[in-house]
Amino acid sequence: MASQTHISLDFHTCVFKKEKVSLAGHHEYIVRGGRDLFTLLPDAFKGIKQIGVIGWGSQGPAQAQNLRDSLADAKSNIIVKVGLRKGSPSFAEARAAGFSEENGTLGDMWETISGSDLVLLLISDAAQADNHEKIFSHMKPNSTLGLSHGFLLGHLQSMGLDFPKNVSVIAVCPKGMGPSVRRLYVQGKEINGAGINSSFGVHQDFDGRATDVALGWSVALGSPFTFVTTLEQEYKSDIFGERGILLGAVHGIVECLFRRYTENGMSEDLAYKNTVECITGIISKTISTKGILAVYNSLSEEGKREFEIAYSASYHPCMDILYECYEDVASGSEIRSVVLAAQRFYEKDGLPAFPMGKIDQTRMWKVGERVRKARPSGDLGPLYPFTAGVYVALMMAQIEILRKKGHSYSEIINESVIEAVDSLNPFMHARGVSFMVDNCSTTARLGSRKWAPRFDYILTQQALVAVDNGTPINQDLLSNFLSDPVHGAIEVCAQMRPTVDISVHPDADFVRPELRQSGN
């Protein structure tokens, strides 16, 4: 794989303090967050009277509430208004969160877009692709379009289109799902902030203020640190990451290993604990607080040998699928696949509708319900060396793909490590991997269903066969793992992690209302 130039981005801010950090020998620039910075928000949002938050999916509820609370803390009179399509079942939930038509903080999405100076477009990716022309036509000249994902840019590029030239276009992309963004923000109210790290990018700066608006938005969300990227790099790493270690690949791994362990005589309950609970519990906690190497170093000599066998056999098969996935995203094929899949949710061309079905009814996930019900409070599960070897091989392969494709270390570490262990995996530990795959964003749900079987298949057909055949451990692979410069970079990022550990209730509910109502 030919290596692309490592992207190093700089930015200028008139409001916030920029800080240089060194990650694996590369200098990058960040802005640290904190509730003490909320007093700067009126300066960052100068000239903005209304922020329209469009949509109530994964990110909408969290971002609308965090922005509202942060601006209230700053004693700002900027209105945060939620805009939804007429008849949306989400109106009731938005009202329950404190937004209302009576005080002008809740209304029709088109009226909200037309009346807002900063429009945060947080509807599904497919809906953005279908409605972008109407959205652009409703925006005020010299207003700012805010995205939390670069998908729309990828879609426009694939169609030979672009954003209108009379608006600024920015992105703030929390490296975690919406419920994590809100949960950590609420937990952080007692101290000087906590939240989910975010990347930001300025795609179009119409009035020269886009950077400060983007940074203000990120600080208001509670981001512990904000790093710079481009919309193009963001959507490539994000869509790829969802299909990799964040959702798709981890789903494929646990299905594969559960089947393997039970076929080899392990009880179902223990097999579940040694796959899902192991990854979402103790492995995630160890990586979050001590780094990837600590997983390996905490094992016994016999455990290290098991880890090495699994790591050596799994690394290249995982990389094979990850490499293909990245190139499908970068070429626009995966984006087109999402748009087409969303169209198949409805009847067309005389063919029936095929909405996404549930994936939590198989034996493994029923065992998971039983295991979680009997699990003592705070139990992080066992550290099973073979599972650890496969999971860490996946993580390192994803890091290497993004590194070779020129992504910054901030983006690599947040997309491949921090978002997994500090955002998604804690929710999976509380509710199971299948619950997450059934209830996250449409783009992520589609991607996980498409790519999880690919990881399951290649691990079964190649990695496990190599293990059973007694293939010697690839010592070069292991040496590269132990000495990889990413470990030092992760240590630096760990110093800027959320100031509290996310606390997820076992009954945490983040099902979007449209899914809850349809039963799908």
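Any Cβ shown, glycine's included, is placed from N, Cα and C.
Source: prediction; values computed, not measured.
Summarising the annotation, TrEMBL assigns domain 'KARI N-terminal Rossmann' to 31-233. Residues or ranges marked as domain 'KARI C-terminal knotted' by TrEMBL: 230-378, 379-515. Among the features that TrEMBL reports, Mg(2+) 2 binding site is placed at D238, E415, E419. The Mg(2+) 1 binding site annotation in TrEMBL covers D238, E242. Taken from TrEMBL, the feature substrate binding site covers S300, S441.
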Exercise. Between S300 (substrate binding site) and E419 (Mg(2+) 2 binding site), what C-alpha distance do you get in Å?
Worked result: 28
Problem set entry | Inter-residue C-alpha distance, E419 (Mg(2+) 2 binding site) and S441 (substrate binding site) (nearest angstrom) | 15
For this session: In whole Å, note down how far the CA of S441 (substrate binding site) lies from the CA of D238 (Mg(2+) 2 binding site).
Result: 12
Exercise. What's the CA to CA span in angstrom from E242 (Mg(2+) 1 binding site) over to E415 (Mg(2+) 2 binding site)?
Worked result: 9
Exercise. Which Cβ among the binding-site residues (S300, S441) has the fewest C-beta neighbours inside 10 Å?
Worked result: S300
For this session: Could you please provide the mean pLDDT value for the domain 'KARI N-terminal Rossmann' (31-233)?
Result: 94
Seminar exercise, completed: In DSSP terms, the domain 'KARI C-terminal knotted' (230-378) comprises 114 helix, 2 strand, 33 coil
Exercise. What is the separation, in Å, between the Cα atoms of S441 (substrate binding site) and E415 (Mg(2+) 2 binding site)?
Worked result: 16
